[in-house]
Amino acid sequence: VLSAADKANVKAAFDKVGGQAGDYGAEALERMFLSFPTTKTYFPHFDLSHGSAQVKAHGKKVGDALVNAVGHLDDLPGALSALSDLHAYKLRVDPVNFKLASNVLLVTLAVHVAAGFTPAVHASLDKFLASVGTVLTSKYR
């Protein structure tokens, strides 16, 4: 459960992200594909090369979903219900991949929000991304 301080930290970090959420989402995907090559199996139809239009488009979806989640911190299950259904029932993504995605998203945010990426912000973002992952895997049960 995110505390009031966690929510404030997450909102402040995403305020610094601004309109770059899609770019950061694409960068995080590239990091994930390089760091965890098995994640590529979910994207056999994508051009996974650096700067690929498909990776950029999917990165925008990831970034937009996270921005939406930040706007609904008090109702993450409601905000992410459709994505949870998609990943559980249609795409059948292995739940461990959400932890991998969280890891590379944290790294990407740390790079771009450097000055504001304090230990407290890091902890809050980690809790937020873990909460998002929990919601996205909730339909697997």
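Quick reminder: no glycine exception, Cβ is built from N, Cα and C everywhere.
Keep in mind that what you see is a predicted model, and the values were worked out from it rather than measured.
Among the features that Swiss-Prot reports, domain 'Globin' is placed at 1-141, with the record citing sequence analysis. Residues or ranges marked as phosphoserine by Swiss-Prot: S3, S35, S49, S102, S124, S131 (among others). Swiss-Prot lists K11, K16, K40 (among others) with the feature N6-succinyllysine. Per Swiss-Prot, N6-acetyllysine is recorded for K16. If you look up Swiss-Prot, you'll see H58 marked as O2 binding site, on the strength of sequence analysis. Look at Swiss-Prot and you will find H87 tagged as heme b binding site, backed by sequence analysis. Residues or ranges marked as phosphothreonine in Swiss-Prot: T108, T137 (among others).
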When DSSP states are grouped into helix, strand and coil, how many residues of the domain 'Globin' (1-141) land in each?
113 helix, 0 strand, 28 coil
Give the distance between the Cα atoms of S124 (phosphoserine) and S102 (phosphoserine), rounded to the nearest whole Å.
12
Using a 10 Å radius around its CB, how many other CB atoms surround the residue listed as 'O2 binding site'?
17
Out of K11, K16, K40, H87, give me whichever of these recorded positions has the highest number of other Cβ atoms within 10 Å.
H87
C-alpha spacing of S3 (phosphoserine) relative to K40 (N6-succinyllysine), in angstrom:
35
In sequence order, which same-chain residues at least six apart have a C-beta under 8 angstroms from T108 (phosphothreonine)?
Y24, E27, A28, R31
Neighbour tally for S131 (phosphoserine), based on other Cβ positions within 10 Å of its Cβ:
20
Between K16 (N6-acetyllysine) and H58 (O2 binding site), find the distance joining the two CA atoms and give it rounded to the nearest Å.
21
Cα distance (Å, whole number) from S131 (phosphoserine) to S3 (phosphoserine):
12
What recorded positions in the list K11, H58, H87 lie within 10 angstroms of T137 (phosphothreonine), counting C-alpha atoms?
H87
Average the pLDDT scores across the domain 'Globin' (1-141) and report the rounded value.
95
For K11 (N6-succinyllysine), the one of H58, S102, S131 that lies nearest, given that the recorded positions are compared by Cα:
S131
Express the distance between the Cα positions of S102 (phosphoserine) and S49 (phosphoserine) as a whole number of Å.
21
